[in-house]
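Heads up: the structure comes next, in structure tokens.
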Amino acid sequence: MLSAQLEAYLAEINLPATAEQKKQLLDFVGMLNKWNKAYNLTSVRDPEAMLVRHIMDSLVVSPHLQGEHFIDVGTGPGLPGIPLAIMNPDKTFVLLDSLGKRIRFQKQVAFELGIHNISSIESRVEAYQPEQKFDGVLSRAFASIHDMLTWCHHLPAEHGQFYALKGQLSDEEMQQIPAGFVVTETIELKVPRLDEQRHLLKIIKE
């Protein structure tokens, strides 16, 4: 059932996937559902809802990624980082979260599913000082845009971008973007079977 739904959703957003990638995405949902019962990793309890609200909600960003080296800040159980890593094996993803149980889950997922292009790091974002800066800084349900930019300002490389995944955009939040940052693109995203607003904001440092 889930397999057929995933197939249909991927076709709907026109995202090609190999049989192995589809299996990894479904196995990730299975592991998230299993671990969630003990570790409370997400408020979404149903695998079908996870497929829409977590997997597809992450994957609609995939065509918009530019660069090779990304960080997913406040990633939680690995969202959007793990689905994006599965679909972009040529890119690398650092998954950053301050809670150990989430990092343990991510590492187990990477091990069991054979995902080799992610590394999970337990740290608060403002304390994390990477040796190599990032082409893209991803944030989904992590913080307000103002806080994301304030806390993550040190993470992008010279021509790196921030990718803020938001629901409904409020004028108030947009007006609070700190000085020195510019929104270069606002993209309306359509997630299959999700009747809610989704937006991707691309932001650069001036």
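Just so you know, glycine gets a Cβ as well, placed from its N, Cα and C.
For Gly74, Leu79, Val125, Glu126, Arg140, the entry in Swiss-Prot reads S-adenosyl-L-methionine binding site. For Leu79 (S-adenosyl-L-methionine binding site), the same-chain residues that are 6 or more apart in sequence and have a Cβ closer than 8 Å to its Cβ are His54, Asp57, Ser58, Asp72, Arg140, Ala141. According to its DSSP assignment, Leu79 (S-adenosyl-L-methionine binding site) is coil.
Taking Cβ-Cβ distances under 8 Å and a sequence separation of 6 or more, the neighbours of Glu126 (S-adenosyl-L-methionine binding site) in its chain are Trp151. Here the Cβ of Arg140 (S-adenosyl-L-methionine binding site) has 22 other Cβ atoms within 10 Å, regardless of which shown protein chain they belong to.
The Cβ of Val125 (S-adenosyl-L-methionine binding site) has 21 other Cβ atoms within 10 Å, all protein chains considered.
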